[in-house]
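Among the features that TrEMBL reports, compositional bias 'Basic and acidic residues' is placed at 185-197. Annotation comment: TrEMBL describes 353-371 as compositional bias 'Low complexity'. Look at TrEMBL and you will find 26-99, 114-188, 390-462 tagged as domain 'RRM'. Per TrEMBL, the feature region 'Disordered' maps to 185-217, 353-382.
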Amino acid sequence: MEEGGGFRLSAECLDEPPNSRVFLVLGKDTGEALIRERFAPFGEIQDIWLVRDKRTHESRGIAFVKFARSSQACRAMEEMHGRSLAPDTKPIKVFIAQSRASGSHRDVEDEELTRIFVMIPKSYTEEDLRNKFKVYGDIEYCSIIKKKTTGESKGLGYVRYLKPSQAALAIEECDRSYRAILAEPKNKPSESSEREYYSSSSSMRQEPMGHEPRGSVFPFEGQPEFGSFEKSQTRVRESVSKRLSVVSRLPFVQEQLFFLFDLVPGLEYCDVQRDPHTNHGHAVIQYTTAASAIYAKYKLHGFEYPPGNRLGVTFLEDGSDGLDHIRKMATQLVTSQVSSLVSHNNLVGQQYTSSQPYSGSSSSQLSQPQTDAVLPSRKKKVPPETSVKERLFIVFYPHPLPVNVLEDVFCRFGHLIEVYLVTGKNVGYAKFSDRTSASDAITALHGKIVNGVRLKVMLADSPAEESNKRQRTY
């Protein structure tokens, strides 16, 4: 192959500024004049390169366009990808070209171009950071890096935009004191050794975009501890957090996505974000605990919703320490398992010494359930032949509670007929003869923890619907 048209720029200038070249896949009969005409509206074009066959000199259907600014190249990619340059021609493909110095032939992905790393005053909150950088475009999320021990800000933060052109514009136009650069993707494998990475530069001007800085490279007045900021804290791979990013080829419906992720206990909020320029779906999900977020990611990443459309679920940085999340989660898991096991063993042992008729209340000898819910005093169950007015569906995490524990908890709201578990599944049911009692149980127990097990309590099918359905077998 050879370079048609001749370069007017030296090789050193091709990647200055970084990510300012676009890679085009187009028709072999497309000429430089048409490319220039269609791409000139996005900014100053410094060069156009048509790749040709070395022997025949025919176009290979590949071209590069070099812009003066990164934001211009990114906007060209966003606007022209999938469009036709002329009537009755196939749509073209447009990507940001990989740096020639990187030695990689992989095209740069959008995710690598939307997250920037900034240095900020320690007094900044996430809201301050968002307000300062929202002038450059729509922000997906922002986070502040904090010390593990004290929770104090390190004077460092991330801002992720919805579009690459917005991130590039922020880097180009924000105050130089922020020293904004593109942050390296968490899951991207390093293309050089750690030693080469940390010794490659001693000034901000020479630090390549797409790599996060080391403290000694970027001294910042008034932040002496920044020099000791370690790689392990700035380049965490798949860091655990309570916040998730969900992407899809199809747009999301707020209510439907909320109900899907609310299947995992602990959902705090579901924020669907809409991009007027594409039909893709994107949302930010946050749970009360990292354990819930981990479970949601494990269960829903790759899940087809609707059928044929796979969801992509990844962790988002929330400014907290991922290792601390894991330590707390392990401690809570061990505590809950031991608490549940001890309670279960006690209750099973007491069953041999005291049998309970349906009309009696739970034994006064039973220990009080360990729960964060406010429970009223125990009440008598009603006879099993009593008409069912309301049926509740119960989801357990991480495992079901014993039936006698469930009975002890749900009978306290009155008019309980029975509770039972579905064999082999982490679900169960509670039948009530009074709708108010069932509603009180939902209000008091939904999202609460009983003996280390989190409950999700909701209305099941009504008795009328249940009688008309074929009995389900598991």
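Cβ atoms here come from the backbone N, Cα and C positions, even for glycine.
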What mean pLDDT score does the domain 'RRM' (26-99) have in the model?
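A mean pLDDT of 90 is what the predicted model shows over the domain 'RRM' (26-99).
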Report the DSSP secondary-structure composition of the domain 'RRM' (26-99) as helix, strand and coil residue counts.
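Its residues fall into 22 helix, 21 strand, 31 coil.
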Mind tallying the domain 'RRM' (114-188) by DSSP state, helix then strand then coil?
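Helix, strand, coil within the domain 'RRM' (114-188): 24 helix, 24 strand, 27 coil.
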Helix, strand, coil: count each for the residues of the domain 'RRM' (390-462), based on DSSP.
22 helix, 29 strand, 22 coil
